[in-house]
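Below is one structure; the comments refer to it alone.
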Amino acid sequence: MVNIIVVGLQWGDEGKGKVVDWLSTNADAVVRFQGGNNAGHTIVVNDNVYKLNLLPSSVLQNGKLSIIGNGVVLDPYALISEIENLKSNGINITSQNFAISESCPLVLSVHKQADMLFEQLRQDTIGTTNKGIGPCYADKISRRAIRVCDLFDPKDLLHNKVNHLLSYHNLLRKNINNPSIETENIVNELLSIAPKILPFVQPVWKTIHNLIEQNKTIIFEGAQGTFLDIDHGTYPFVTSSNTIAQQAFIGCGINPSNKTHILGLVKAYTTRVGNGPFFTEQNNNIGKTMFESGKELGTVSNRQRRCGWFDAVLARQAVILSGVSGLVMTKLDVLDQFSEIKICVKYKYENKIYDYLPASPYIQSKLEPVYETLPGWQTSTFGSVSYKDLPQNAISYIKKIEEILKVPIYLISTGPERNSMIIINNDFLYK
């Protein structure tokens, strides 16, 4: 039995989908444990490109159980659309290979409308995807969310729960001169989608526990990245859930006593979608080259990702926060063109040096990166599958990051295809 939690150590888009797809070849189940359809995974298999938002990456492989845990906020329409899209490509999702937690809060039309309204009212936008994720999590915390299990209720009970939800939302809408939403409209939405969702619903905490008891291998697939975490990220430019490894235990109901490997993903450089601090950002030809070579467009938003040098301060802090035991580096090939490559090793502000990210947004806005410069390799690493065949300067770059982060790199991704992977150490898959 092996349990592996996969988390991003930057601002998301580290390539978790491809890596989980690769790992799931040796797994029995893959579990999503937080976020919603505001996160996107792009997976390339035999030149076919699949873009997933809610479904775990394992759905592309036969014989794997894919699970959505209770920590996910579930947009039922987005899920059904994703399932139908895969079906049109010959991939069938059934109750035998897919399960949804009965405790998932549902993202409804009222949440998406609230997301757009709140973003318009903010003085400084945070760059929300307008998918309704934040308002849904807010309703969950305030104990008024409609959950998947509520779809089993008699209609009159469901009506009462929706009425309670809308008593809050309609009050807000009234204050900004927006028309109220009728309870019956939301109830009808739910009744129409219920038959398509309920066949997949089960107590997934129990399902996962049974898999662990049977010594099965489970991958826990994180969404977004460490510095989008609601508690540990660059607040307020963050998502609405916890994105670090510990959320896996809460977001699907497993206990921390189970032996778990925690795999942290980093790009060989840094990217960010949307607003917020970005200490190594390159608004120049360097950033443009990274953007073009890395094809840096958001899977969900289709927005251009901002690009910059590798930030080892952030990555080291992320390693500590999640207790990372091994690293995966992705998109090494994007750096092939540079004659020299920089790594941010410290921040400075007013003659003070920081080896961590201060929580204060004000101080964050003043931080300047302190770089260490390494020679580039200017030789193609694209599609490489052998570590010893990498250019020596590429190996030196990898070793420098291992040295700073104090964690070994197990895998290196050198292209979008499933098998474009350098395996340095895969012992974690078997013990």
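Using the three backbone atoms N, Cα and C, a Cβ is placed for every residue, glycine included.
Feature list (source: Swiss-Prot):
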BINDING   12-18, 40-42, ARG305, 331-333, 413-415  GTP binding site
BINDING   ASP13, GLU14, GLY15, LYS16, ASN38, ALA39, GLY40, HIS41, THR129, ARG143, GLN224, THR239, ARG303  IMP binding site
BINDING   ASP13, GLY40  Mg(2+) binding site
ACT_SITE  ASP13  active site, proton acceptor
ACT_SITE  HIS41  active site, proton donor
BINDING   THR299, VAL300, SER301, ASN302, ARG303, GLN304, ARG305  substrate binding site
Practice prompt. Calculate the distance in Å between the alpha carbons (Cα) of GLY15 (GTP binding site) and ARG303 (IMP binding site), and round it to a whole number.
Written response: 17
Discussion item. To the nearest Å, how far is the Cα of ASP13 (IMP binding site) from the Cα of GLN304 (substrate binding site)?
Written reply: 12
Fill in: Integer Cα-Cα distance in angstrom, GLN224 (IMP binding site) to GLY12 (GTP binding site)
4
Response to the item:
Simplified DSSP label at LEU332 (GTP binding site) comes out helix
Worksheet item: Rounded to a whole number, how many Å is the Cα of ARG305 (substrate binding site) away from the Cα of LEU332 (GTP binding site)?
Response: 17
Practice prompt. Provide the number of Cβ atoms within 10 Å of the Cβ of ASN38 (IMP binding site), excluding the reference atom itself.
Written response: 28
Item to complete: Could you tell me which of these binding-site residues, THR42, THR129, GLN224, has the greatest number of Cβ atoms within 10 Å of its own Cβ?
Response: GLN224
